[in-house]
Amino acid sequence: MSEPADNGSQTVEAARRALSARLQAAGNDSAELDARFLVGAALGLDLTGMITAAGRAITRDESNRLDGFAQRRLAGEPVARILGMREFWGLPLTLSAATLVPRPDTETVVERALELLRAGGPIDRTLQIADLGTGTGAILLALLSELPNAHGFGTDISEAALQTARENASRLGLADRATFIACDYASGLTGPLDLIVSNPPYIRSADIAGLAIEVRDHDPHAALDGGPDGLDAYRALIAQSVSLLGPNGSLVVEAGQGQSGDIEALMTAAGLSPAGPPKADLGGIPRAVSACRLPR
Ligand code: GLN
């Protein structure tokens, strides 16, 4: 049974519904989910807490905070930026202005990397892995969470991104197995490595202006811009990776839509051998492209 609302203010449930309707009217196609997250964040409640508190009146402070969040979302700021965190591979990750918001599609890279490692032996063997352009540390920390005896290197040209990645590693209890290095892709690393992963910038420069506001105005430009044909980062990181991979080492990269064939061709031209067809994401887009070092 719900308590009557104080001073005619809304209940938690009514506030959630009102926000959902407001976002939907503005053309947001994830209005329901966004409203749940924003009400939860404004009130400091998780989903269970929100259900328990559904009938209580929200306070003036909560109402003001929620309205601030609503304005930001209506102006195109993604929910993850407003919350300052996003879950990836079940791990809560802090975001900063210098990091991309981790996307569910990128979990395909983690899945493919784990498949290749599993095919090579027990998952608890000693492994040296690297994530080039680590951002929040998402891919690296997901892998370290699955590989108990792996050590990981996360690189980024942004010191601010590395600071965020370090914080995430610490909070997740993975800091003692993660080393973060400021450099361009793999340029600061030494091998041999068992696995190299990367979700590099891959949007064609000319396409950036046409991206959704959430991406164009809120993800760091340096994490998006892949140069004139979107493939600049792959050229650099594939060339650097070849000599760093150990005998059975593999490289797994995220591809933008329509790029997997070009990336495979770059890998082959660099002397790597494709490790099976690209792995598709949940939307059916070939997303994780992988290759192995050819035996010498
Ligand atoms: N996946 C991001 C997007 O399409 C792009 C990230 C990237 O360039 N690696 O919004």
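Note: Cβ is positioned from N, Cα and C throughout, glycine not excepted.
Predicted automatically and left uncurated, TrEMBL annotations should be read as such.
Sequence-distant neighbours of GLY133 (S-adenosyl-L-methionine binding site) (same chain, six or more apart, CB under 8 Å from its CB) are THR155, ASP156, ILE157, TYR185, SER198, ASN199, PRO200, PRO201, ALA223, ALA233, LEU237, listed in sequence order. The S-adenosyl-L-methionine binding site annotation in TrEMBL covers GLY133, THR134, GLY135, THR136, GLY137, ASP156, ASN199.
Residues annotated as substrate binding site in TrEMBL: ASN199, PRO200, PRO201, TYR202.
Among the features that TrEMBL reports, domain 'Release factor glutamine methyltransferase N-terminal' is placed at 15-84. Helix, strand and coil counts under DSSP for the domain 'Release factor glutamine methyltransferase N-terminal' (15-84) come to 50 helix, 1 strand, 19 coil.
The domain 'Methyltransferase' annotation in TrEMBL covers 125-199.
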Return the count of C-beta atoms lying within 10 angstroms of the C-beta of PRO200 (substrate binding site), excluding that atom itself.
22
Ligand 1: which of the binding-site residues THR134, GLY137, ASN199, PRO201 have a Cβ closer than 6 angstroms to it?
ASN199, PRO201
Can you check how the pLDDT averages out over the domain 'Methyltransferase' (125-199)?
98
THR136 (S-adenosyl-L-methionine binding site) and TYR202 (substrate binding site), compared by Cα position, are separated in whole Å by 17
